[in-house]
Amino acid sequence: MNKELLLGVNIDHIATIRQARGTRYPDPVQAAMDAEEAGADGITLHMREDLRHIQARDVRLIKQVLQTRMNLELAVTEAMLDFAEEILPEHACLVPEKREELTTEGGLDILTHRNVVERAVRRLQLMGSEVSLFIDPDKEQIRAAVDVGAPVIELHTGCYADATSEEKQHYELQRIKEAAEFAASLNLVVNAGHGLHYHNVKPIAAIRELNELNIGHAIIARALFCGLKEAVRHMRQLMQEARLYVND
């Protein structure tokens, strides 16, 4: 029997809509509860240092009401680690961050920032959080993740999602497959995410080594037309269908 592939729903862009007008709506807290009710296995949110979408208040309230688990994405900075120490998320994913980027542009470079990342991993683990590192599908970065003590990685699927030709997409899919196999051979839990949507998720979901996909923008965009609960259910259905064809 194939292992179930989990879905973490990222609700950042509910907050993006709210912050565009500085209103109190739409409410990320309500979105988190609706996503859970529709079958999300966890809620992912990224409180960026520039506070462009998710605010500290959102994180505090969501932590109080979640029935599943929180995956808090954060930059490797003292301020963000201090905040995590207040929240104590079940899962914490360290990500790279640039103020000028529209969205996360690539994976964390553990090789370059090993000492800083290692200290952050240890600090989060002392808080009781399971730590994940958001990295490119690169074997050297995967080895470095093991070296700094992270038990979980999240493979950056952005290059696959942004591919402009079938050849390029196939190449990037193979990179992700090989990276997932390599990471699993090192006893890492392997998640994936970034840029995944309803038309490209199935090949990724069919990778047997993957434990969880974190998806946000596509689900929130679909929700504008069919509602958030239906958007979450549809994504789960596609992921489950992909797993039916994976050999044990």
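Cβ coordinates are placed from backbone N, Cα and C, and glycine is handled just like the others.
Among the features that Swiss-Prot reports, 3-amino-2-oxopropyl phosphate binding site is placed at Asn10, Arg21, Gly195, Gly216, His217, with the record citing sequence analysis. Taking all protein chains in view, 16 other C-beta atoms sit within 10 angstroms of the C-beta of His217 (3-amino-2-oxopropyl phosphate binding site).
Other Cβ atoms within 10 Å of the Cβ of Arg48 (1-deoxy-D-xylulose 5-phosphate binding site), summed over all protein chains shown, number 19. Annotation source Swiss-Prot lists 1-deoxy-D-xylulose 5-phosphate binding site at Asp12, His13, Arg48, His53, Thr103, citing sequence analysis.
In the three-state DSSP scheme, His46 (active site, proton acceptor) is classed as strand. Positions annotated as active site, proton acceptor by Swiss-Prot: His46 (among others).
Under the heading active site, proton acceptor, Swiss-Prot lists Glu73 (among others), citing sequence analysis as support. Sequence-distant neighbours of Glu73 (active site, proton acceptor) (same chain, six or more apart, CB under 8 Å from its CB) are Thr44, Leu45, His46, Met47, Ala92, Cys93, Leu94, Val95, Phe134, listed in sequence order. For the recorded site, Glu73 (active site, proton acceptor), the DSSP three-state label reads strand.
Sequence annotations record features per position, and here Swiss-Prot assigns site 'Transition state stabilizer' to Glu154. Close to Glu154 (site 'Transition state stabilizer') in the fold, though at least 6 residues off in sequence, lie Cys93, Ser132, Leu133, Phe134, Ile135, Val190, Asn191, Ala192, Gly193, Asn214, each with a CB less than 8 Å from its CB. Glu154 (site 'Transition state stabilizer') carries a strand DSSP state (E or B).
Annotation source Swiss-Prot lists active site, proton donor at His194. Secondary structure at His194 (active site, proton donor), as computed by DSSP, is coil. Over all protein chains present, the Cβ of His194 (active site, proton donor) has 26 other Cβ atoms lying within 10 Å.
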Spatial neighbours of Asp12 (1-deoxy-D-xylulose 5-phosphate binding site) among the recorded positions Arg21, His194, Gly195, Gly216 [C-alpha, 10 Å]: Gly216
For Asn10 (3-amino-2-oxopropyl phosphate binding site), the three-state class that DSSP assigns: strand
Distance [Cα-Cα, Å, rounded] between Gly216 (3-amino-2-oxopropyl phosphate binding site) and His13 (1-deoxy-D-xylulose 5-phosphate binding site): 7
